[in-house]
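Working notes, structure below.
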Amino acid sequence: MGDQVKLNAAGTEYDYPVLKGSVGPDVIDIRKLYAQTGKFTYDPGFTSTASCESALTYIDGDEGVLLHRGYPIGQLAENSSFMETSYLLLNGELPNAAELATFENTITRHTMLHEQLANFYRGFRRDAHPMAIMCGVVGALSAFYHDSTDISDPEHRKISSHRLIAKMPTIAAAAYKYSVGQPFVYPDNKLSYTGNFLRMTFGVPAEEYEVIPAVEKAMDRIFILHADHEQNASTSTVRLAGSSGANPFACIAAGIACLWGPAHGGANEAALNMLKEIGTPDKIQHYIDRAKDKNDPFRLMGFGHRVYKNYDPRATVMQKTVREVFDALKVTDPLFETALRLEEIALSDPYFAEKKLFPNVDFYSGIILSAIGFPTTMFTALFALARTVGWVAQWNEMISDPGQKIGRPRQLYTGPTQRDYVAIGQR
Ligand code: CMC
């Protein structure tokens, strides 16, 4: 018998098995707890709860380690492409050259949207937030692709996964085009996944759009950095939605809705807005003081993480990429100096040191995206585009598990106990 943990409940002892993963904390298997003791566990925010078993992504938050299928994020960002990393996440192994070529070809051939979908965009106000459009349009895909929504069929799951990954750049680019009143640009199969996205976003029919290789590379790397991140809030949302048997398009739309929040994917937009508000380095101390003030709701956006209690390894790559993009585009942005100085001041402040608050993936990404030409409102849409592969890989992993059950947490009820209805005239 493996390790057990003993629980003494009202004088009776119960043993619970300890399950071991390949790396990382062991977990106490409490599945029989309620049946045996009549008690639930209480863990709002899931700070001590493993919600599932997964072989996709591993994070060691104390050491600042992020692995996809075992490969460190720094190595993938340096050597891989978003398509190759997507294949890895979906299939478990890096592809050989032929497998990668086939995968890229498949994704490329799913990039077009049903023409009828263009009408959906026209129903939105021109000033709609791109994330509002993404939630709606991705959810609406389920009304168009009935031939891939049988979740019990692995082939359907594969096709819908490919469709989602392939169509996200087209959907995100169209959300942008709609907001600036320009015509939608159709995909061009000659281009890479990322080059195609840049052209659909910034190209116009009147002119030939030339993809700048250094920008394409930087953008592709940003996609790799966002591809998956274990059981974060949006991924857990996708899993929970999927656990009821909902179709994948609806599940990913749920993930997009969750990602939108400023504590999650919305932080990239909020971080750049914060840097703009701070403006020059002389104002930094004022904002640091506000972030430390318990009576002030202000937080340093792009700082802190539920899991990382060390430098987010994605932020390291992101900071390096800022310089590469500036060099390629021959631009600079004074906000980058403000961000570097803000990081320096925060990291030398005992408040941030004690709470182990470091820059996260969202701290520097906005500066790059802004240099490339994206408005802040598009930042979280780009996060959603890249995270789609993680969401579908996690969803597939869950559905393929024969022991999969509907996600159904319980609660600690603190409301009124049973009482009799009182007629309105007697209240
Ligand atoms: N600025 C100032 N104080 C902070 C910050 C911050 N950014 N983040 C956490 N704290 C403090 C917080 O006030 C709390 O202090 P105390 O213990 O005295 O009450 C302590 O640090 C722990 O914070 P928490 O909110 O209990 O921690 P959490 O794990 O629930 O929250 C977080 C994690 C990411 C929501 C939070 O750090 C935060 O709001 N950061 C800013 C938003 C952000 O950058 N989000 C992007 C996360 S990375 C991308 C992604 O995964 O989506």
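From the backbone N, Cα and C atoms, a Cβ is placed for every residue, glycine too.
Note that TrEMBL annotation is computational and uncurated.
A C-beta separation below 8 Å, combined with a sequence spacing of at least six in one chain, links HIS305 (active site) to GLY61, ASP312, PHE358, ASN360. Taken from TrEMBL, the feature active site applies to HIS305 (among others).
Listed in sequence order, GLY265, ALA267, ASN268, ALA270, ALA271, MET301, GLY302 are the same-chain residues six or more apart from ASP362 (active site) with CB atoms under 8 A from its CB. According to TrEMBL, the feature active site maps to ASP362 (among others).
The annotation transmembrane segment is assigned in TrEMBL to 363-386. Remote same-chain partners of the transmembrane segment (363-386), defined as residues 6 or more beyond its termini with a Cβ less than 8 Å from a stretch Cβ, comprise 82, 129-131, 134, 168-169, 172, 175-176, 179, 197-198, 201-202, 215, 218-219, 222-227, 255-256, 259-260, 265-266, 268-269, 271-273, 275, 301-303, 315, 318-319, 321-322, 325-326, 329, 331, 333, 335-336, 339, 343.
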